[in-house]
Amino acid sequence: MKYNRIYNFNAGPAALPLSVLEEVKESFLNFAGSGMSITEISHRSKTFDEVINDAVLRTKRLLKLDDRYHVLFLQGGASLQFAMVPMNCLPDGKSADYVETGTWSTKAIKEAQILGKNINIVASSKDKNFSYIPYDVKFNNESTYVHITSNNTIKGTQWARFPDTKGIPIVADMSSDIMSRVFDPKPFGIIYAGAQKNIGPAGVCMVIIREDMLKLIPDNLPTMLKYTTFSNSNSLYNTPPSFSIYIIQLVLKWLEETIGGIDKIEAINKEKAGLLYQTIDSGDFYKATAKQDSRSLMNVTFRLPSEELEAKFIQEATKNGLGGLKGHRSVGGCRASIYNATNMEGIRALTDFMKNFEQKNG
Ligand SMILES: *Cc1c(COP(=O)(O)O)cnc(C)c1O
């Protein structure tokens, strides 16, 4: 392959579109005629303003967000959002509902509890090792928000349809499936996503927050932990992770102009995951770990007949230019992360290798 690149199935940081990386490389020493690298220019310059404003505009267009939504770029990863959400948007005396569907939602719950917030775990799939999405949830009418993880990166499950919360704002950790499929944003009060899975490099977290959620924020929070600090300054209160924001802008431009929007990438993502699951389901050698109605289109988790064969599979795949197929260290097995930047060619290379490996070892 070009530049000796491999087919990259890493979970995060993950593959980026090659054309984006080439554009970064081309413009790296002299950005937009400035005579400086993007990493050398002021975040207060007109040049950088154009970058961040374009990233915000494209996000709003791609996700069809109305004027009530602010698009912010924060640091601290999705992990800081586990704490910032309840600090900002769960006033004392109020409660929130949380759905527990895996490692990341468990961490979100833990941070809310550390803060002494009043939360209800209204549904959990822990009883079956987080292998499914608990679609049937009863929410508490008086809850301030409902927190879900839209795609469970480690367990390989995904909400195929979002729950009806009867008007209670949904707060969603969409780190591993933002911009991968069409959805109605209206029920969502907050959407947050670490960029390094599906929209850019590490170092920045996208937060989309609706006006009514901003009204819940108490005065006595540290400035850097308050959403309004960033919504009032276009994410420029302090020095932002400008290089990461620039790459997000390019990824969103690629998504809009080269791919043609979210509906187009969703069709591609369905085709990709479809072929991979079909290969897994075609015999008894590979076994998908997630329940059928909860299977992720982004992180495809599967097992082989033994741990020895899994180790051999991962090793031989790597030799064949297929990287990142080892499952998360907490669960073992295999995982192919197939975010937006992974194309059909990569999926075919993987499924061909899988069929071949099964023939030789099955
Ligand atoms: C990776 C991931 C996180 C953690 O993101 P950081 O940016 O490393 O803090 C949180 N939630 C989900 C769903 C993830 O996939």
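Cβ coordinates come from backbone N, Cα and C, glycine included.
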Query raised in the report: Looking at TrEMBL, ALA78, SER79, TRP104, THR153, GLN196, ASN238, THR239 are annotated for pyridoxal 5'-phosphate. Which of ASP136, ASP173, ASP219 sits in that same site?
Result: ASP173
Requested in this report: May I ask which of the binding-site residues ALA78, SER79, THR153, ASP173, ASN238 is closest to ARG44 (L-glutamate binding site) if we compare their C-alpha atoms?
Outcome: ASN238
Query raised in the report: Which of the three DSSP-derived classes (helix, strand, coil) applies to THR239 (pyridoxal 5'-phosphate binding site)?
Result: coil
**Report entry** Residues among the binding-site residues ARG44, SER79, ASN238 that border ligand 1 - Cβ under 6 angstroms, in sequence order
**Finding:** SER79
Report summary line: Between the two most distant Cα atoms of the pyridoxal 5'-phosphate-binding residues ALA78, SER79, TRP104, THR153, ASP173, GLN196, ASN238, THR239, the distance in Å is 31
Report task. With an 8 Å cut-off on Cβ-Cβ distance and a minimum sequence separation of at least 6, pull the same-chain contacts of SER79 (pyridoxal 5'-phosphate binding site), or say none. Result -> LYS107, GLY194
Report summary line: Expressed in Å to no decimal places, the gap between the Cα atoms of ALA78 (pyridoxal 5'-phosphate binding site) and LYS197 (N6-(pyridoxal phosphate)lysine) is 11
Requested in this report: Give me the non-local Cβ neighbours of THR239 (pyridoxal 5'-phosphate binding site): same chain, 6+ apart in sequence, Cβ-Cβ under 8 Å, ordered along the sequence.
Outcome: HIS43
